[in-house]
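Student: Sharing a structure here in structure tokens format.
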Amino acid sequence: MEEMEALVGVVPHSADCDLFKEPVRKRRRLHRDRQFQAFPSAEQSALKEYEKLECRTRRVLSNTYQKLIQSVFLDDSIPSGLKYLINRLLALIEKSPLEPVYVGFLGITGAGKSSLINALIRQAMFLPVSGESVCTSCIVQVSSGCCEQYEAKIHLLSDQEWKAELKDLTKLLHRAEQSGEEEADLWDRDDATEEAAQKLRMLYGHGAERRHYEELLRLKPRGRIPNSRTITLKAEEAGELSVKLDPYIRTRRRDWDGESAETQIWPLIKYVEVILPKSALIPEGVVLVDIPGTGDFNSKRDKMWKKTIDKCSVIWVISDIERVSGGKTHEDLLSESIKACQRGFCRDIALVVTKTDKLHLQEYLRERKMGNQAIQSQREAVLQRNEIIKLQRKRMLKEKLKRKLPADSKVLEASDLVYTVSAHEYWQRTILTEEESEIPKLREYIRKRILDKKRRLVTKYVTEAFGLLLLTDTLNTEESLLTEELNTGGLRQFVEEKMELLEKAIEQCFARMEQPLQTGVQVAMTSYRRILGSCLVRSRGNQGFHQTLKAVCLKNGVYASRTLARIDLNEALSQPIYDQIDPVFGGIFRDGKPTAPALMQHIDAFKHSLEERMAEVGVRSGWKQDGYKRSFLIQEISAILGGLESHILRRKRKIYKSVTSSIQNDLKPCYEEAAQITGKKACERMKDVIRRGVERQVAEGLFERAQERMWHQFRQLKHGITEKVKGSITTMLTLAAPQGVGLCKELADVRNEQKEMEKLYRSLREVAENAQLRRSMQDFLLRMSPSKAGPHGTKL
């Protein structure tokens, strides 16, 4: 009775589909009409049909849930099968209708990320644009929602998080009393030190950089800090919110007198969320993420920088036209985005070249040695150069991706790996048309991602719901679906045998890592001195590096800045291992061709073998006229094994990071020792401590331990998969067994819900066919429309 009351106490929330009252129904219809206004009419129709399918399914599940709860409300105990069904129903009812699609804008300061987002949402100057004296200071997430107003939430570091950073900042800024003049000059010119000093001056006033940690703790910050550590801003118009938001998300690169109270707290800002009203340009469910710089000195913000990159399913590496061909920071960000494909959720990478309208025609013609040939206008030259850049950078990007990812990775099949955009021309149209600015092309890509994701999620949702409604039939009878098979133990034995085969297949799949991992360790052992030297020795000597190195040591081998190149000694030392394992690792966790020897393919093979056996059992049990019994079992298998994918995605990040994390953990004592060094020749002494520490750890098995820790993570994943599959399949077979006398007469009559769910399930195909027909008609009309003139002959 107690567990029943606990279940009854949970009121299912039917997301956006509360269709039980007429006024609510009208509001929801209006909501849907506005929700899809970012899409062309053909896509709007498809999305509305999928939305209706999902809403009606959620309503059927809610009705079924309420009936089942009421039917057993007075029972002293709930049979395990019914408890399983009720919990599954509740989980499906409360499941989010659409997981956000995060699109990451990754680029250095001044690359044009904010300008690009402003153009995509068609709000000029909404986010602050980097200039000579200002830049975006934190991660900014922009999405559209159901709110009527423009809204922003500024999330601040907690008190403990700021105290931890404050302690490191003061350590970094502390100058030893006996430093010689040479060290003092170097200290004054250090970029890391200047950035740390700027943070303290901004928050506590001029002279704060000379105060000690305990003194600063007693000072009150100049800006107002709410107890909730969250600041909410609202406005009726975009421009109004932009003015309010501006001081929080943009910071001056140099000290500036007269900063506002809002600007004064930017060192405390963790990240900012901006929510637009329903947008006719960016669909609901899309989050555009401006990811500035290469990380942050604050550990919490730096972890968030990495995690934000990893949760993006799409990453656009932003580079302006004048920096697209080089620059260490740009190459580092490109490498970071490729790593996100390995360890994170990223499925698409593209290079977005910005500011393509910037071209001096006479210089361009002279460089191309074209004289007075075909190119006659600025527009033609810009379009030709765009095509050249696309060909060159696409080739470069593909080569990089092929070195790191399997040859059949989906990202390599993308039709557009490079975009050439101009936010300026999107607004002005003095040289290029709106289409030629390629802003609409980026919007179209986003829309297609959302439409495809919605289709897949709704199909999976309706199919899973149909399986649950079939389960009520199973629980409502004293007969077993698989009585003979279960009684003879045939099916259980079959599952156990297949489980053993799955376990061996997973072991063989992971064993492919053994050789490249071993080779990587050997290469790392022969190259670590050279790698460490390249990190510690600078062409200018120690000028401008003294306190930067101290910052590296304070953060256990990592220095990240909003404006400077990222330094990570641990990643550098582990890179030879990753160079060897990346293609194989990507192959194991790939989502490419179904014939590929990937981990999920072994799980799919296990699923298909069970489904085939269920079909055989169905034939022997006389299910030809009642395919629903077989459908229930097959769909339960799909639901059980389908849930493994998210588990594997979460675990693979930990596996991939394990090598670098292991090296960082083992080198932590030498970093801590080096961070304490002050006085004369401190920079060289810190380097010596780091070198000796690395030498000692390598001799004691630094890389071998990293190898073993990665293997440990692989073993944990294998164990987790097999245990989850065993437990879930056992539960499913138990549900297929007889439920016992008495249960059938206690359950509510949900036959109407079953019939409605059957109709919804059958309509999935019709909706998909309608969507395909609309797409074909739309493509036909586009092909028949007059084509735009392209650039004249492209020359490489």
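Every residue gets a Cβ built from N, Cα and C, even glycine.
Remember, predicted model here, so these are calculated numbers, not experimental data.
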Student: Need the matching range: Swiss-Prot marks coiled coil on one of 7-41, 602-636, 707-741, 742-776, and I'd like to know which.
Tutor: 742-776
Student: Which stretch, out of 158-185, 214-241, is listed as coiled coil by Swiss-Prot?
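Tutor: Swiss-Prot lists coiled coil for residues 158-185.
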Student: T109 (GTP binding site) has how many other Cβ neighbours within 10 Å of its own Cβ?
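Tutor: Result for T109 (GTP binding site): 18 neighbouring Cβ atoms inside 10 Å.
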Student: If you draw a 10 Å sphere around the Cβ of G112 (GTP binding site), how many other Cβ atoms fall inside it, taking every protein chain shown into account?
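Tutor: Looking across every protein chain shown, the total is 25.
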Student: According to DSSP, folded down to helix, strand and coil, what is G110 (GTP binding site)?
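Tutor: In three-state terms, G110 (GTP binding site) counts as coil.
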Student: Give the sequence-ordered list of residues that share a chain with G107 (GTP binding site), lie 6 or more positions from it, and have CB atoms under 8 Å from its CB.
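Tutor: Set apart from G107 (GTP binding site) by at least 6 residues yet with Cβ under 8 Å, we have K113, I291, V317, I318, S319, H330, L333.
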Student: Can you name the residues of this chain that are 6 or more positions from I108 (GTP binding site) yet have a C-beta less than 8 Å from its C-beta?
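Tutor: Those within reach of I108 (GTP binding site), by Cβ under 8 Å and sequence separation of 6 or more, are G293, T294, S319, R323, G327, T329, H330, L333.
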